[in-house]
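A quick write-up on the structure given underneath.
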Amino acid sequence: FKSGKCPLCASRVVKFRRTGESSRSEDDAISGEHEVQIEGVRAELEPVELGDGAAVPKEFANPTDDTFMVEDAVEAIGFGKFQWKLSVITGLAWANAMEMMILSILAPQLHCEWRLPSWQVALLTSVVFVGMMSSSTLWGNISDQYGRKTGLKISVLWTLYYGILSGFAPIYSWILVLRGLVGFGIGGVPQSVTLYAEFLPMKARAKCILLIEVFWALGTVFEVLLAVVVMPTLGWRWLLILSALPLLLFAGLCFWLPESARYDVLSGNQEKALATLKRIATENGAPMPLGKLVVSRQEDRGKMRDLFSPHFRWTTLLLWFIWFSNAFSYYGLVLLTTELFQAGDVCSISSRRQEVKAKCSLTCEYLTEEDYTDLLWTTLSEFPGVLVTLWIIDRIGRKKTMALSFLVFSFCSLLLFLCVGRNVLTVLLFIARAFISGGFQAAYVYTPEVYPTATRALGLGSCSGMARVGALITPFIAQVMLESSVYLTLLVYSGCCLLAALASCFLPIETKGRGLQESSHKEWGQEMVGRGSHSPGESQE
């Protein structure tokens, strides 16, 4: 909350109370509020005009104890130089998209070079997702128990080590194991979103999380461009090694990363949390809130049972299916793009299958320059996907954004049934990928917002784990089932996304305009509600 300077009110303060305190101690119930004090604004209970023209409603003003919470401090300090640095560094971890994009390039190359049957090619992709699926919840638990920074650093260093090592694999079994270990490390990289979100003020949170998703898009584009240069000259081994560059850069810069102040407060480390907040205030050139930092220690962090408490059970189950569908469809489209471009269009796949009924599974086709060009165009769709999601997510809300993304993807999948030419095929794949990546990004915004700090990393990790189940299955649909029926393959993806659109609509909580909840011991809704977004008495969808 930034206020304008006024000579008549230089010694006055404004205090903000937290709304919806439904589960509190008797001592808390006496005052019932937590406040932020900000210098330079008068303390009367009538609405106060701030520098940006927004009025603080009466229900927020509460002249009681001189205390504040991390949420209050983050809002008071605002977005500044610290968050920009954090955006770049966490974005580098998010550029691990290169390790994922390489799957669609590596598969046809090894299929030809090592004469692999189609099921072994699909297994090479799936083993990465097996590693991610098995580790996502574990990394979430580590991040809730030992800190976000700790979990993120270990997972990135793990991915970097085995990513480089896989470039030296002599035979198929070696690269299968090593890529599985890479997947195990990648399972912890989404915790960068947890760390990042906990330092963001409410109004900037959705936009900023979406903007670091640009690093994912940059990673995929850079991987295709790197493949165009490296594959014809140095080969796939150097491509694997060079694809680890963003993670190497992150490893060199991660010493700057602070631990989440929200995590420190929940683990009882008040001094460290206060030092972190003061560091942010100094870097941003903003004043710290006056008063004492409130600590709400919680020992039993990162417990799976909290995800299935009566208030979160339905949300968790629906989110698991949404994340499953996102990854199933997104990675399915990435793999289908390569297959469709090699064939020319959907009908070419069908007609070619009729002409060659007994097609040998060892028949291979290397990616051509035209394939790389079209792959680059569809990869560039990640950027408009970010922009569209950025534009609508704070207008229509997180739930409707995810539902819309699934619906558009489903519609584009059905249009692929038509015997369209290569140009129209490229356009449809471009639109479909833009919206499914947008839906994925919206899920990354919604999930950290809906879970409390005590289980936020675990909630995101478990959702990421379910996404990997979808990613694990999708190669057998996009590569193996495609050989039997291209139309059935498209129908599976379209139907899955229609169900995911319904699941998005049935989510019980809309997080737009809400702050982050701290303790899982209290009901959802104790966060600060954004000015002008909701009133304290407004129902939660």
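Heads up, the Cβ atoms here are built off N, Cα and C, so glycines get one too.
All annotation found in TrEMBL is predicted automatically rather than curated by experts.
According to TrEMBL, the protein carries these features:
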{"type": "DOMAIN", "residues": "85-512", "note": "domain 'Major facilitator superfamily (MFS) profile'"}
{"type": "TRANSMEM", "residues": "86-107", "note": "transmembrane segment"}
{"type": "TRANSMEM", "residues": "119-142", "note": "transmembrane segment"}
{"type": "TRANSMEM", "residues": "154-175", "note": "transmembrane segment"}
{"type": "TRANSMEM", "residues": "209-230", "note": "transmembrane segment"}
{"type": "TRANSMEM", "residues": "236-257", "note": "transmembrane segment"}
{"type": "TRANSMEM", "residues": "311-331", "note": "transmembrane segment"}
{"type": "TRANSMEM", "residues": "401-418", "note": "transmembrane segment"}
{"type": "TRANSMEM", "residues": "424-446", "note": "transmembrane segment"}
{"type": "TRANSMEM", "residues": "458-478", "note": "transmembrane segment"}
{"type": "TRANSMEM", "residues": "490-509", "note": "transmembrane segment"}
{"type": "REGION", "residues": "518-541", "note": "region 'Disordered'"}
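In this chain, the transmembrane segment (209-230) lies apart from the transmembrane segment (119-142): fewer than three C-beta pairs between them fall below 8 angstroms, excluding pairs fewer than 6 positions apart. Cβ atoms under 8 Å from those of the transmembrane segment (458-478) belong to residues 122-123, 125-126, 129-130, 132-141, 143-144, 183, 187-188, 190-191, 193-194, 302-304, 306-307, 316, 319-321, 323-329, 331-333, 335-336, 339, 443, 447-448, 450-451, 489, 492-493 of the same chain, restricted to positions at least 6 beyond its ends. Contact between the transmembrane segment (311-331) and the transmembrane segment (424-446) is supported: at least 3 Cβ pairs lie under 8 Å, counting only residues 6 or more apart in sequence.
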